[in-house]
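**Student:** Take this structure, written in structure tokens, and hold onto it; I'll ask about it next.
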Amino acid sequence: MPQLRLILVGRTGTGKSATGNSILGQKCFLSRLGAVPVTRSCTLASRMWAGWQVEVVDTPDIFSSEIPRTDPGCVETARCFVLSAPGPHALLLVTQLGRFTMQDSQALAAVKRLFGKQVMARTVVVFTRQEDLAGDSLQDYVHCTDNRALRDLVAECGGRVCALNNRATGSEREAQAEQLLGMVACLVREHGGAHYSNEVYELVQDTRCADPQDQVAKVAEIVAERMQRRTRLLAGLWGWRKFYWKGWRRGFSVFLGVAILIYLLFYRKGFGDQNNR
């Protein structure tokens, strides 16, 4: 039976869990309005759709600048990879209509760090609060927005956008799911039915074991080590940049001082010669 593996990504508070419930047609993920996120761990749920087994992975706060605090051991990041192995067919980047903020951009950067920039070719931008369009076209909204970061994101995703009203029920909710899953199915066919993969997913396949928790722990160690190595590399590059900039400023100051001194010497000499005449 063919599968559609989907991962809900984006910053916390955009309605990822509610979006997952809309796709699945029932309440599988805990979803509640509030300032404090309710999703604490990556969770997998599935449904049948048009002969496909659709598997949806809901994610907690692992796509923000607070990752060192929210997922210090990279356990939930590793769980996301394990649950979506051998790789997702699409990422659903969830954002709220009219509220694409700096936090959304930071979440996007985190998605690229974790999955690789190439994953944008497998990404669909999903806007929640479709009802706020009030009957207007989503395409017109995206085309006319003055939010440059949002326009760039949509372009990077090949224009794949969809809007959901997560309060919809019954036939309206199912029609929304049909539209989104149909878009994902077309995306999968464009890639010859193949799922997305990267080095981490290959490592997940190599660390398969009987106990899923043991596998998550092993993958978490690998991911944490990679992130620490990247942090050390960036710190080294930043230190070199500061050293270079400091040295350049010092050298420029010396050069400028010498130039001024030479100018003053020649200027005074020339001025004195004019007076002697």
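Each residue's number is its place along the chain shown, starting with 1.
Every residue gets a Cβ built from N, Cα and C, even glycine.
I grabbed these lines from Swiss-Prot:
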DOMAIN    1-205  domain 'AIG1-type G'
TOPO_DOM  1-250  topological domain 'Cytoplasmic'
REGION    10-17  region 'G1'
BINDING   GLY10, ARG11, THR12, GLY13, THR14, GLY15, LYS16, SER17, ALA18, SER31, ARG129, GLN130, GLU131, ASN166  GTP binding site
REGION    37-41  region 'G2'
REGION    58-61  region 'G3'
REGION    128-131  region 'G4'
TRANSMEM  251-266  transmembrane segment
TOPO_DOM  267-277  topological domain 'Lumenal'
**Student:** List, by number or range, the same-chain residues at least 6 past the region 'G2' (37-41) whose CB is under 8 A from its CB atoms?
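**Tutor:** Distant contacts of the region 'G2' (37-41): 12-13, 16-17, 29-31, 58-61, 76, 79.
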**Student:** Where else in the chain does the region 'G3' (58-61) make close Cβ contacts, counting only residues six or more beyond its ends and a cut-off under 8 Å?
**Tutor:** 7-9, 11-12, 16-17, 20, 29, 37, 39-45, 67, 70-71, 76, 80
**Student:** Looking only at DSSP and grouping its letters into three states, which state does GLU131 (GTP binding site) belong to?
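**Tutor:** Assignment for GLU131 (GTP binding site) reads helix.
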**Student:** Which one, from the binding-site residues THR12, THR14, has the smallest tally of other C-beta atoms lying within 10 Å of its C-beta?
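**Tutor:** Selected from the binding-site residues THR12, THR14 on minimum Cβ neighbours within 10 Å: THR12.
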**Student:** With every protein chain in view, what's the tally of Cβ atoms within 10 Å of the Cβ of GLU131 (GTP binding site), excluding that atom itself?
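**Tutor:** Other Cβ atoms within 10 Å of GLU131 (GTP binding site): 14.
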**Student:** Under a criterion of Cβ-Cβ distance under 8 Å and sequence separation of at least 6, what residues of the same chain contact GLY10 (GTP binding site)?
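**Tutor:** Set apart from GLY10 (GTP binding site) by at least 6 residues yet with Cβ under 8 Å, we have LYS16, PHE63, LEU93, VAL94, THR95, ASP104, ALA107, VAL111.
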